[in-house]
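What follows is a single structure, written as structure tokens, with notes after it.
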Amino acid sequence: MAAGTFAEAGADLELVGITKRFPGFTAIEDLDLTIPAGSFFALLGPSGCGKTTTLRLVAGLEQPTAGRILIGGKDVTNVKPFKRPVNTVFQSYALFPHMTVLENVAFGLRRRRIGDPLGKAHEALRLVELDHLASRKPQQLSGGQQQRVALARAVVNRPALLLLDEPLGALDLKLRRQMQLELKTIQNEVGLTFLHVTHDQEEAMTMADTVAVMNRGEIEQMGAPEELYELPKTAFVANFLGQSNLFTGTVTSSSGATIVVEVAGVKLEVPKERAQRHAGEVTIGVRPEKLLLHTTAPKKAAGLNILGPGRVTDVSFSGVSTQYQVVIPGVGPVSVFAQNMVFGPVVNEGAEVWVTWTVDHGFGLLDEPEPGPKFASDTDTRTIAVQTRDELLAEIEEA
Amino acid sequence: MAFAAFGSSAAPVEQAPRKKSWIAWVLLAPGLAYLALFFLTPFVSLILTSLQAPVEFGDVGQYQTAFKIENYATVIEQYWPHFLRAFGYALVATFFALVISYPLAYFIGVTARKWPLLQALMLTLVIAPFFISFLLRTLAWKQLMSDDTPLVHALKALSILPPDGHLTGTAFSVIFGLTYNFIPFMTLPIYTNLERLDTRYLEAGADLYAKPSTTFWKVTVPLSMPGIVSGTLLTFIPASGDFINASSTFLGSAQTQMVGNAIEANFLNLLNYPAASAMSVILMALILVIVGIYVKRSGTEDLL
């Protein structure tokens with residue numbers, strides 16, 4: 001970027017066949033990714049999946065083992081970080097402790113000899129509502145305030161590409177929402193390209209136009225948040241983005257618009273266009289909030305999948321909804337989210353229930369059904385992260 | 001205060017309600033007693049001696065209590081070149097020690113982080129000279145630099161040194177000796193500081209369009225300022241009072257005498273105790289003033 005000028009618009013980011021190996025393990029394997037200019041792109045994945053490495057490669061803080069990086073069509077693979085039109089909001093903030101907040105924010109502007117660095121720094125600090133603390137040192141600020149300074153320090157440079165490494169991790173819920181909105185506003189106003197790395201699926205879904213779910217150095221699935229949520233292609237995505245009930249069975253017929261999968265003797269239908277594979281052993285799934293609980297056996301109807309009877313083993317009330325765990329013999333535990341339309345839970349623990357869902361809500365996954373436990377009912381991101389890490393460690397040891 | 005430069009860089013911790021403050025005093029007592037006995041008493045005695053006057057018709061070295069403030073004027077008049085040389089040599093030696101030590105400390109503390117074995121080895125090499133007596137090492141340098149050695153012949157052959165030139169007994173050899181002897185004192189504080197340097201700040205600098213050289217001057221150097229200040233003080237203060245390197249028996253000659261040599265000569269040879277004491281007091285006062293200004297100017301108070 002020429003000295004003294006700001007980027008006028010966001011730039012495309014293109015990663016071509018990027019591979020990054022560290023001694024002993026491969027962080028990223030042959031990654032191809034294109035982020036169009038002006039978009040808000042989230043890279044979502046558990047820790048150790050290679051997302052931060054990807055970010056550091058784009059910033060120029062690491063060199064790829066193979067592949068090319070293009071920003072705005074220009075190959076920057078061998079360009080030094082200080083010459084790239086990119087700024088990063090670091091996870092550790094990395095605010096210079098010997099400078100005031102104001103000098104921290106003005107640092108990049110001064111290096112590029114942009115006129116009125118202090119005025120612009122004040123402006124950026126006003127944007128994050130910290131102008132009144134401009135003369136403080138970073139250590140005198142709270143974690144959340146430091147994070148906002150880090151954000152201001154990056155945004156003030158108007159980079160063509162802004163990289164965010166878990167930028168909202170240390171904020172409390174309220175401030176987090178506020179900053180999410182602010183980030184989105186900044187992005188809309190200045191039209192820059194944002195690449196946001198996070199393990200928080202909610203953050204990724206609420207903020208990004210496009211989300212790429214990353215696992216073990218590869219992108220499992222990419223698309224608009226709704227699309228990813230409604231139609232996950234792999235078990236990892238189905239469980240990492242929200243929760244899913246997954247069932248494995250054999251396809252018995254695939255005539256018409258649906259495939260029929262036999263799970264524990266029950267025939268379940270999934271629309272063909274929502275299923276990745278149409279024959280053999282397949283895993284199908286449905287989101288817990290798409291399920292309906294019935295206390296009496298529901299009538300068989302076209303376009304309706306029925307499982308049951310099963311027993312409610314756990315009821316947890318979470319305000320907006322109630323989560324039920326239902327154990328269905330031969331199928332295993334199934335979670336159901338029910339809106340609290342009446343006061344308190346509708347059924348109690350131990351009740352005999354049936355669950356139903358509209359055929360249109362089901363989805364079929366691409367993965368080969370895995371041996372061992374078929375239904376990962378523990379779907380929170382932390383568990384998956386730990387699991388992935390253990391697997392990675394095992395892999396490293398084998399290698 | 002200047003001595004705070006050697007203190008920890010931790011921010012003041014909030015005090016817990018002090019209930020048993022006497023424990024602190026009991027623990028402090030040995031230290032305070034030591035200071036009173038071995039610092040305060042000699043210091044008072046030194047000031048008193050510096051004001052003494054010779055006993056009338058007495059022997060050489062006989063003095064009586066007086067208030068002879070002229071002693072100070074006399075020594076300044078007589079020995080001002082020694083003071084000038086002391087601070088001049090110490091300043092130059094400190095500068096060279098810093099220039100040599102900083103890259104060394106940076107290499108050990110930052111670059112060699114990936115190789116702990118190399119780091120440990122290099123640290124040992126920095127400290128290794130301490131295993132041999134300071135005097136022996138300085139004498140060894142005298143041997144190496146004296147006339148009729150390969151080094152001097154080589155320098156003469158290259159016309160760096162004139163045919164009748166010497167290395168020993170010159171300002172060069174004294175400054176060389178001071179620099180050499182104080183390098184570990186400079187390297188170690190800077191190393192301890194750089195060893196904790198968070199390289200993520202350097203990445204942030206690069207990310208914010210700063211060239212590596214700019215990042216070095218704007219980020220690394222300010223962050224390592226406490227180490228630089230400690231190192232330069234640990235070098236400058238003892239170097240300005242040094243009387244080994246500049247003495248004629250070691251690397252110096254009559255023309256390179258520093259104030260330390262003058263004090264030594266007055267105390268031990270001339271038996272002029274008041275003059276020696278007055279010079280000691282002046283040296284101490286000057287060092288305090290210089291160091292005070294330095295610490296204030298280097299802006300490290302809030303990093304201390």
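Each Cβ is built from the backbone N, Cα and C atoms, and glycine gets one as well.
Heads up, TrEMBL stuff is auto-annotated, nobody curated it.
The model shown is predicted, which means the values in this text are computed figures rather than measured ones.
Summarising the annotation, TrEMBL assigns transmembrane segment to B:22-48, B:86-108, B:120-140, B:171-194, B:215-237, B:275-295. The annotation domain 'ABC transmembrane type-1' is assigned in TrEMBL to B:83-294.
Beyond its flanks by at least six residues, the transmembrane segment (B:171-194) meets 85, 89-90, 92-94, 96-98, 100-102, 104-106, 108-110, 123, 126-127, 129-130, 134, 137-138, 141-142, 145, 220, 223-224, 226-228, 230-232, 234-235, 238-239, 242, 244-246, 250-252, 256, 258 of its own chain at Cβ-Cβ distances under 8 Å. Within its own chain, the transmembrane segment (B:120-140) is flanked in space by residues 104, 107-108, 112, 177, 180-181, 183-184, 187-188, 191, 244-245, 250-251, which lie at least six positions past its ends and keep a Cβ under 8 Å from the stretch. Looking at B:22-48, B:86-108, B:275-295, the range that has the most CB pairs within less than 8 A of the transmembrane segment (B:215-237) turns out to be B:86-108. Only residues 6 or more beyond the boundaries of the transmembrane segment (B:86-108), in the same chain, are considered here, and those with a CB under 8 A from a CB of the stretch are 119, 122-123, 126, 171, 174-175, 178-179, 182-183, 185-188, 190-191, 193-195, 220, 227-228, 231-232, 235-236, 239-242, 246, 256, 258-260, 283, 286, 290.
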